[in-house]
Amino acid sequence: MATGAGAAGVLWGCRAAPHRTAPHRAVPSPPLPYRASPRCRAPQILRRTPGGRPLRPRAQETPRPEEAAAPLPPQGDRKMKQLSVLPQQCILLMTCLLMALEAVPIDIDKTKVKGEGHVEGEKVESPDTGLYYDEYLRQVIDVLETDKHFREKLQTADIEEIKSGKLSRELDLVSHHVRTRLDELKRQEVARLRMLIKAKMDSIQDTGIDHQALLKQFEHLNHQNPDTFEPKDLDMLIKAATSDLENYDKTRHEEFKKYEMMKEHERREYLKTLDEEKRQREESKFEEMKKKHGDHPKVHHPGSKDQLKEVWEEADGLDPNEFDPKTFFKLHDVNNDGFLDEQELEALFTKELEKVYDPKNEEDDMVEMEEERLRMREHVMNEVDINKDRLVTLEEFLRATEKKEFLEPDSWETLDQQQLFTEEELKEFESHISQQEDELRKKAEDLQKQKEELQRQHDQLQAQKQELQQVVKQMEQKKLQQGNPPAGPAGELKFQPRMCLSV
């Protein structure tokens, strides 16, 4: 479900880090020191030196001559020494057991724990933007980042320079091997698109494909020059990604609405197949599940202080009285690039969503949960993202925490508290479905008629074939009866040589 960081954000997000991190989620709590049970910990303590290294068994030493010659103490003295050492060992063992029982694990101040730094040269897969040219987009960005000059320009460029195409003109100054690699990527993308077009046209049995004309429908590259990657290609790629990603959320909302209407349509159609008693039973079950789903704890307003403090306390394991917005931002900037992108923001809403949705419950729909997550992220972005680059900076985040809405937010209405569609919209949707079903039914009937016609023609041909074979067989039998040699398959005469007897 995750979308990209925004078309401009795809390039803008590369300013601070070579690669975006793939899994965007809340920072996991550092593990507490392992506390072993007394039964397993005491022997470990006894087997280790004060420095923490395991004790090695001593090698068997050869006694010195003077030691070997020394007389051994009497048997009674040796037993007395062993008895005197035994209580000391018992006391030591009991002390270790008590220490293990009463030891308290040390809590780690997570605000002082430094995250793992990015390993230079490490390749981290970026999240899928959901665009049909996502792989091409990421490959172009990866190649451009290898050029030092372009990367420096990218780090100093603002969002308007990226959107306006000013940054694209810097492509003329990149190194030759980078341009060569970009040319290769473009040729591969053009070949891929042509293959898709051919497959689509072949599926509808169209001939005379004009690939050049059909390539015009793809706006992320310059189809007039399919061989080289020019500044115009970079400009078109940025603008296409910007437009497509801005409409991506809108498309997802429309698809979710259709999903909900289809669910209701199928439910009503199913009820029509039941008798009165079963129908009432199903209606009662539906209302009961609906009520059960709506019975959940209060959901905090996304991006409010209460919501962030809950993440601070439950996900990060920190004292809610010590909540600090700046520290919170740095903790949840997973890839340490100085921004909170869309995936990092969505990870903050997991605790709120878990209050409403549980995959184990029949009444909870996980598709609705992802729609709720999308709504929360869009709301926070609209409130916090001032320059609309689909990325939240530390300055924007801190400024949002100073607003009145951050401290005293309105109540948040979940999907179950909203009307997702009207009866008129549902009727229109059902009418559209009925129309599609009629068209499919008509196509099925036409195909069935074509099948029956082909079968009839096949039967006729088979009957004609049998008649011809029978006629040929009758003609051959008649010729044999008249004493004529039999004819071959093509009508030629077959002569049978006769054996000549010598007199």
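Glycine is treated like the rest: Cβ placed from N, Cα and C.
Remember, predicted model here, so these are calculated numbers, not experimental data.
TrEMBL lists 19-78 (among others) with the feature region 'Disordered'.
Residues or ranges marked as compositional bias 'Basic and acidic residues' in TrEMBL: 58-67 (among others).
Annotation comment: TrEMBL describes 273-290 (among others) as compositional bias 'Basic and acidic residues'. Here the compositional bias 'Basic and acidic residues' (273-290) has long-range neighbours at 267, 362-363, 416, meaning same-chain residues at least 6 beyond its ends whose C-beta is under 8 angstroms from one of its own.
What TrEMBL lists as region 'Disordered' is 273-305 (among others).
Outside the compositional bias 'Basic residues' (291-302) by six or more residues, the chain places 310, 348-349, 352, 355-356, 361, 363-364, 376-377, 379-380, 405, 409-412, 414, 416-417 with a CB less than 8 A from a CB of the stretch. Per TrEMBL, the feature compositional bias 'Basic residues' maps to 291-302.
Positions annotated as domain 'EF-hand' by TrEMBL: 320-355 (among others). DSSP places the residues of the domain 'EF-hand' (320-355) in helix, strand and coil in these numbers: 23 helix, 2 strand, 11 coil.
Over the domain 'EF-hand' (372-407), the average per-residue pLDDT in this prediction is 91. According to TrEMBL, the feature domain 'EF-hand' maps to 372-407 (among others).
Feature annotation from TrEMBL assigns region 'Disordered' to 427-503 (among others).
Here the compositional bias 'Basic and acidic residues' (438-459) has, by DSSP, the following mix of helix, strand and coil residues: 22 helix, 0 strand, 0 coil. Annotated compositional bias 'Basic and acidic residues' per TrEMBL: 438-459 (among others), in sequence order.
Residues annotated as compositional bias 'Low complexity' in TrEMBL: 460-474.
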For the region 'Disordered' (273-305), the number of residues DSSP places in helix, strand and coil: 20 helix, 0 strand, 13 coil
Positions whose Cβ lies under 8 angstroms from the domain 'EF-hand' (372-407), at least six residues beyond its ends: 1, 5-6, 8-9, 12-13, 159, 245, 249, 252-253, 301-305, 325-326, 329-330, 338-342, 345-346, 349, 352-353, 356-357, 414-415
Tally of DSSP helical, extended and coil residues in the domain 'EF-hand' (372-407): 24 helix, 2 strand, 10 coil
Three-state composition of the compositional bias 'Low complexity' (460-474), taking helix and strand from DSSP: 15 helix, 0 strand, 0 coil
